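Database features (TrEMBL):
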ACT_SITE  Cys501  active site, nucleophile
BINDING   Gln374, Phe405, Glu426, Asp474  S-adenosyl-L-methionine binding site
DOMAIN    68-128  domain 'TRAM'
Amino acid sequence: MCTAAAMASLPQCGARRISARPLGWSIPIRCAFSSHSNLAVDIDADCATTTGADSSSASGQSKNPSFFPKKGQTLELVCESLGFKGKGICKAADTGFVLMCDRALPGERFLGRVSRKKSSYAEVKKLKTIVPHHDMVEAPCQYASNCGGCKTQNLSYQAQIKYKEQQVRDLIVHVGRFDHTDPDCADVIKPIVPCQEQYHYRNKMEFSFGADRWIPDVEEKGERSFALGLHAPGFFDKVLDVDKCLLQSEAANKVLAVVQENWKDSCFGLSPYNAHTHIGFLKHLMLRTGRNTSNGLPELMVNFVTSSYKPELLEPLVKKIATIPEVVSVMNNVNTSVGNTSVGEQEYTLYGKSSITEMLRGLSFQISANSFFQTNTKQADVLYGIIEECAGLRGDGSEIVLDLFCGTGTIGLTLAKRAGHVYGYEMVPQAILDARRNAEQNNIHNATFIQGDLNKINDSFGKEFPRPDVIISDPNRPGMHMKLIKYLLKVRAPRLVYVSCNPATCARDLDYLCHGVNEQDLSGCYQLKAVIPVDMFPNTPHIECVCLLELA
Ligand SMILES: C[S@@+](CC[C@H](N)C(=O)[O-])C[C@H]1O[C@@H](n2cnc3c(N)ncnc32)[C@H](O)[C@@H]1O
């Protein structure tokens, strides 16, 4: 059975047939996923806003109490587990119809309204908690219940990692089609590696300036005012004003506080960019924290993304920020497009230097405003250690490593000391330039970085480098393109380390690599040896996994 939570992200999963239910009756709903999901409750469904049952299946209703929700219906639900994007999963009794609710946490009994209905699952908006969830703790952040960033702050950390591990296991079994009853497979999924720091772990945060401040409870009244903070969940144009974010460093919070104290002051003449009218100056405030390599102290980059280049407007604010000792760089990216991106067409240094330093596994990296870099440095150190262990390089300097989706080259460069040669492949030209610079700066001479789109490779891919002994693949959330899967099945590398930030697409790709792709007439040739979930982002639904595959 394919889980609905996974279906939400995997289009190839088929919809399940379920029947409709009569309106206006008490409906038994129970929780989903685990074997002990027998918490049946009666609910008094409010069907005032729904119209007519599904006529195709309504006739069977009097005999069958099965349930098919309607948009607008209010239900009493109990959440048992966390699924895709950290949404709480509930399930209708009898039909197994899945209902997903943002911010519902396991054990929580709540009233929710069906906001969206698909053929295989429905989404529910939580209206009111009736009984709180298990493993409840007090959220330390005042914005926790409204901010889109940390959705699980009020769930104990032990429970957070337990549900993440369970989600990976469910996806590997149901989407990846690995049989957990097979003793060979049972040991493959390892316990999740927790993150030692659950707050202040992010080295980069991006806040938005907005003309439309989001005040959660009066949201519908259209109250308008300026804001600097995080986008309200589901809104491109509304911003939750925040003075402090517990995910970023203390030094970054000092900068945020200074900007907040000053930018709305009319004497500065600053205006937020309006996502509707496209008028206004300030778009984003990006704060990056690195470490000074000589004294180990934090060093900070502040990057203002603006719609035009007017340094005179920013100058008074820059002067105030520059008095914060940790600030070593103030940048200005100018982005004239109407989109939401923070990468500028031009970049200017307003104060100090144009990059900061970060250390990872003993190497030092220069990070500019737009460089990609792992956002949780300490846990990236742990992640890369696991990758290195999985890569299992002999260290005799003879092996070829292919680092696919290499970004700024960090994984490949940390492996280079034990490899014969590393070949990195990446689409973004600037990342390739950064990777080459990083290699030079760390005196690494056995690494070659090649720019190219791995979704567009053809049969000649692989001619630029010798046959790899170890392949690292670290794609973005959509996972690997079928063209790349075909290459990996053709090249038959002895070891493949798949690093993923989306366990759903990861499970799909592992299925292709190990079991083959029927529709493409391809046989699998790898054996799954280990899946190691790593918690890189506490208090959020994100899950990283390192998977080791060996040639079968
Ligand atoms: C998850 S990041 C991994 C970066 C790097 N491995 C690291 O640990 O820092 C994925 C990288 O894949 C790159 N990428 C995304 N789509 C790509 C494609 N179609 N072809 C090549 N690279 C791509 C992105 O630019 C990004 O640098």
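Yeah, the Cβs are placed from backbone N, Cα and C, and that goes for glycine too.
Just so you know, TrEMBL annotations are computer predictions that nobody has curated.
Locations of recorded TrEMBL features on the structure.
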| residue | record | CB count, 10 Å |
| --- | --- | --- |
| Gln374 | S-adenosyl-L-methionine binding site | 22 |
| Phe405 | S-adenosyl-L-methionine binding site | 19 |
| Glu426 | S-adenosyl-L-methionine binding site | 25 |
| Asp474 | S-adenosyl-L-methionine binding site | 21 |
| Cys501 | active site, nucleophile | 17 |
Exercise. Restricting attention to the domain 'TRAM' (68-128), give the mean pLDDT.
Key: 88
Exercise. Fill in the CA-CA distance, the residue listed as 'active site, nucleophile' to Asp474 (S-adenosyl-L-methionine binding site), as an integer in Å.
Key: 8
Quiz item: In the same chain, which residues outside the set Gln374, Phe405, Glu426, Asp474 have their CB within 8 A of the centroid of the CB atoms that define the S-adenosyl-L-methionine site?
Solution: Phe372, Asp403, Leu404, Cys406, Gly407, Thr410, Ile411, Pro475, Val499
Quiz prompt | DSSP helix/strand/coil residue counts for the domain 'TRAM' (68-128) | solution = 3 helix, 33 strand, 25 coil
Quiz item: Can you tell me the three-state DSSP label for Glu426 (S-adenosyl-L-methionine binding site)?
Solution: strand
Quiz prompt | Collapsed DSSP category at Asp474 (S-adenosyl-L-methionine binding site) | solution = coil
